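Only one structure is covered here, and it is reproduced in the block below.
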Amino acid sequence: MNNTEYYERLGVDKNASQDEIKKAYRKMSKKYHPDLNKEEGAEDKYKEVQEAYETLSDEQKRAAYDQYGEAGANGGFGGGGFGGASGFSGFGGASGGFGGFEDIFSSFFGGGGAQVNPNAPRQGDDLQYRINLKFEEAIFGVEKQVKYNREELCHTCDGSGAKAGTHPETCHKCGGRGQINVVRDTPLGRMQTQTTCDVCHGTGKEIKEKCTTCHGSGHEKVAHTVKVTVPAGVETGQKMRLQGQGDAGVNGGPYGDLYVVFQVEASDKFERDGAEIYYKMPMDFVQAALGDEVEVPTVHGNVKLKIPAGTQTGANFRLKGKGAPKLRGSGNGDQYVIINIVTPKNMNQAQKEALQAFAKASGIEVSGSGKKGFFDKFK
């Protein structure tokens, strides 16, 4: 049974004070934080440090660990409110055959289940920020400076919550245990139980003179700027996670994350569906009838496209690789050119005569008067 491993993870001995443990935790947490240490295995080390601190920062868990090792810290031995009931896993524990008794005792004694350690490090809250992107920025990617407000450790008290020149003191009511004894009258007689201290709320520390900047919270709102590298090919609604850019943690816990949500502006020229881009190209009916080589705009620049004779409205042509980059994959999508044949509205006399000659050669009778017919009155 190894009951020194947690101390070794933090680099302290078994007689270390809580201040020494907390200081060592901050040092080791920073050393192995995934954002700061990219070496293989650093993230696992970081998790081990978190696990060790969660136990050693809690005096009850620490005592159980010192006596029984990791099994004791996890509730495998002793620690229950009545003779170490949590150790009797053979009876199904709290959810086994005696689950009803726990409910009864809980109603009498104000607890019975496992309590959250208020001194354990907790990760800060996650935040969300929306970035507006131009159509081309979403296609090719871009770097953006994002400025937002987040909770950071108070610069005046360094997160302690105490006024400058002072520090949190041991709670006068619970003596630093975070728990107080309460005597209650129950149907089983007068019983003494433990509950969370109502002065320090389980922290064991009492702030008598609060910091004038954060008013005892240990945090303050600060304008924060971060550079966001937007990958090529993003679309509206997609998110990007920036680890550690959220609110500050509690009790030395890590910062939360920032989730950036993208909003892409529509283009007045193109339409997009994933990696595919669509362009509706107006075309003169003469070009469509005789065929032509035309210049087509794409997000990558203009390209030449051969239009075969007899092309009809709605015909589409694929420009391979001229679409948006594939966000999950390699290469680009395609661009589709959709033909929309335009009929001229105002023609000069020569153009009219040419069309009339074409109609005659085609055996088509056209009045060419331009006057409205009978049914046109009802349109």
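Each residue, glycine too, has its Cβ placed from N, Cα and C.
Here is what Swiss-Prot says about this protein:
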BINDING   CYS154, CYS157, CYS211, CYS214  Zn(2+) 1 binding site
BINDING   CYS171, CYS174, CYS197, CYS200  Zn(2+) 2 binding site
DOMAIN    5-69  domain 'J'
REPEAT    154-161  repeat 'CXXCXGXG motif'
REPEAT    171-178  repeat 'CXXCXGXG motif'
REPEAT    197-204  repeat 'CXXCXGXG motif'
REPEAT    211-218  repeat 'CXXCXGXG motif'
ZN_FING   141-223  zinc finger
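Among residues of the same chain six or more beyond the repeat 'CXXCXGXG motif' (171-178), those with a C-beta under 8 A of the stretch's C-beta atoms are 59, 118-119, 196-200, 202-206.
In sequence order, HIS172, LYS173, GLY175, GLY176, ARG177, GLY178, GLN179, ILE180, ASP198, VAL199, HIS201, GLY202, THR203, GLY204, LYS205, GLU206 are the residues of the same chain, not among CYS171, CYS174, CYS197, CYS200, whose CB sits within 8 A of the CB centroid for the Zn(2+) 2 site. Each residue in HIS155, THR156, ASP158, GLY159, SER160, GLY161, ALA162, LYS210, THR212, THR213, HIS215, GLY216, SER217, GLY218, HIS219, GLU220 lies on the same chain as CYS154, CYS157, CYS211, CYS214 and has a C-beta within 8 Å of the C-beta centroid of that Zn(2+) 1 site, without being one of the site residues. For CYS157 (Zn(2+) 1 binding site), the number of other Cβ atoms no farther than 10 Å from its own Cβ, over all displayed protein chains, is 25. Taking CA atoms as the reference points, CYS211 (Zn(2+) 1 binding site) and CYS197 (Zn(2+) 2 binding site) are 22 Å apart.
CYS197 (Zn(2+) 2 binding site) sits 24 Å from CYS157 (Zn(2+) 1 binding site), taking the CA atoms of both as reference points.
When secondary structure is read from DSSP and collapsed to three states, CYS211 (Zn(2+) 1 binding site) falls in the coil class. The shortest Cα-Cα distance between CYS154 (Zn(2+) 1 binding site) and any of the binding-site residues CYS171, CYS174, CYS200 is the one to CYS200.
Other Cβ atoms within 10 Å of the Cβ of CYS171 (Zn(2+) 2 binding site) number 21 in total over all chains. Cα-Cα distance from CYS214 (Zn(2+) 1 binding site) to CYS174 (Zn(2+) 2 binding site): 25 Å (rounded to the nearest whole number).
Taking the Cβ of CYS200 (Zn(2+) 2 binding site) as centre and 10 Å as the limit, one finds 24 other Cβ atoms among all the protein chains shown. The predicted model assigns the repeat 'CXXCXGXG motif' (154-161) a mean pLDDT of 90. Every protein chain considered, the tally of other Cβ atoms within 10 Å of the Cβ of CYS197 (Zn(2+) 2 binding site) stands at 22. Reported as a whole number, the C-alpha separation between CYS157 (Zn(2+) 1 binding site) and CYS200 (Zn(2+) 2 binding site) equals 18 Å. For CYS174 (Zn(2+) 2 binding site), the same-chain residues 6+ apart in sequence whose C-beta sits under 8 angstroms from its C-beta are ILE180, CYS197, VAL199, CYS200, GLY204.
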